[in-house]
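The transmembrane segment annotation in TrEMBL covers 23-48, 60-80, 100-118, 130-155, 198-224, 236-259. Look at TrEMBL and you will find 39-288 tagged as domain 'G-protein coupled receptors family 1 profile'.
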Amino acid sequence: MENQTTVMEFILLGVADDDQLQYVLLTNLLVTYILTLTGNILIITVTLINHHLQTPMYFFLRNFSISEIGLTTTVIPKALANLALGKNPISLRGCLTQTFLYFMLGTTEFLLLAVMSFDRYVAIRKPLRYLTIMNSQVCSLLVITAWVGGAVLILSPSVVYFQMPFCGSNIINHFFCDSTLMIELKCGNTKVLECINFISAVFTLLRSLAITAVSYINIITAVVKIPSAAGRQKAFSTCASHLTVVSMAYGSCIFMYLIPTPSNSLDLSKVVSISNTVVSPLLDPLIYSLRNTQFQEALRESTK
């Protein structure tokens, strides 16, 4: 029988032991985090102050940027502190809080991506009624649903997860408190907990992905009926940025939480986690701004 212990802190092993490599990682991660904050804060600021961007699409994008800032801030500052100090502890309360916030904000992002897909569907399929359908009340309700839904969907599994005690080892072979690895440190039979986690991931990822897929199927059927090539290109260009972000977000999370991976692929899982928590939040503002002439014009106006 496993020795049940009162775990007060965990040790994260997701950073390198070599001092020189730690310095390189610290520098790169710090620069990336600053650029991520700058890019997302820029999107939030410009979409707030420019009257040309007071539209549903940018309202949703602003909330998405807020969730991106929250997601990276949940993980990266602690990883930076561990690299700077050369120590990797995190308290039990801190670890559980990080786990909850990471998955809550991640779930909110997927719901927001589904909402943004629906917004593009309405804009292309019903352009004359777009502002009537996507009025301020509807947009606010959709955003509130995404934020509250993200919390509710993660809260229920978390209640079961947090009640089960930990046994023996407190070593987490990752750079943040990923619940998938923490389950292995729980006492007793964890099959129920693993099943709950898997069902929650399937429900969150695949259901929001289904909404996105249905929206884009309808978008494509509408776009191909547009008679002019210029009109089709313009319609597709409004969706290209969002579709790129959707592909990156769903691809990494489906790999991490829905596809069974052997223990020897843990390093690969860390790389994918870095993509999800570091690379994507950095690239998303660039994707939305570089491919969006309206945003670029608004940015130029704001800097004058």
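FYI, residue positions are counted from 1 along the chain as it appears here.
Each residue, glycine too, has its Cβ placed from N, Cα and C.
Packing against the transmembrane segment (198-224) from elsewhere in the chain are residues 107, 110-111, 113-114, 117-118, 120-121, 124-125, 153-154, 156-157, 232, 235-236, 239, 243, 246, 250, 253-254, 257-258: each is 6 or more residues past its ends and has a CB under 8 Å from a CB in it.
The list of residues near the transmembrane segment (100-118) in space but at least 6 beyond its ends in sequence, with Cβ under 8 angstroms from a Cβ of it, reads 57, 60-61, 63-64, 67-68, 70-71, 74-75, 142-143, 145-147, 149-151, 153-155, 158, 176-179, 204-205, 208-209, 211-212, 215-216, 242, 245-246, 249-250, 253, 276-277.
Here the domain 'G-protein coupled receptors family 1 profile' (39-288) returns a mean pLDDT of 85 for the predicted model.
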